[in-house]
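J.: Okay, so TrEMBL annotates it like this:
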- 21-41: transmembrane segment (TRANSMEM)
- 47-70: transmembrane segment (TRANSMEM)
- 77-95: transmembrane segment (TRANSMEM)
- 79-224: domain '3-oxo-5-alpha-steroid 4-dehydrogenase C-terminal' (DOMAIN)
- 115-136: transmembrane segment (TRANSMEM)
- 171-194: transmembrane segment (TRANSMEM)
Amino acid sequence: MTSAPYGKFARKGWGPLISGKVAWIIQEFPCFFIAPYYIYITPNIDLEAWILLALLTIHYFHRSIIYGYLMSSASRSTIPVTISAIFFNLTNGYIQGSGLTFYDIPQSSVFLARFWVGVFIWFLGYYGNVVADQILRNLRKPGESGYKIPYGWIFKYVSSGNYFFESVEWLGWGIACQNWSGWLFFFLTVANLLPRSISQHKWYLQNFKEYSALKRKAYIPFIL
């Protein structure tokens, strides 16, 4: 498995390095407008679809504006990676918005039960991801650079707690949407974050001698 070349895994051969903070905001910010756009163009939108589009807006508001603003200025990315991320986000946004607004949502008790279970799991993953990101940010004091081992919360069990909870977030999304577009988002998230989590776990083992004694998994607590 190969990890996408950004952050600590940014490497030569992928074009010139640019500020990861700037790249992140540029690639994530357009998605903030996707859900409002579909709500605007769709008359008589179902309540469930409206709620899901609101969740999408919450996610991208946090990822593009709050997370992007708080992101370390030391992070690096490349132009090709940024362009590919913009393409993915816009394409995926179109797929998710279309899947929610042009799909007839069945109003059965079984569907509604799954919907609310999915929404609950989404919020669990969202909250966990926000907390994990805060732990990672607090590892560095102002003016510091370099990497440290995160402790506490989900990091007691896995090396990439932020990626685990982001995957939980989109698992909830797939369960709540109950259509192919929602599950596609989840599987694409795992396809990106699973190899990155494994690479990150190996990186910690190689760079911190004491890390193996923590007996953490890479991605999923107690499993992987």
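Glycine is no exception: its Cβ is also placed from the backbone N, Cα and C atoms.
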J.: Is it true that the transmembrane segment (115-136) and the transmembrane segment (21-41) have 3 or more Cβ pairs under 8 Å, skipping pairs fewer than 6 apart in sequence?
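T.: Between the transmembrane segment (115-136) and the transmembrane segment (21-41), contact is absent.
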J.: Within the domain '3-oxo-5-alpha-steroid 4-dehydrogenase C-terminal' (79-224) only, compute the mean pLDDT.
T.: 92
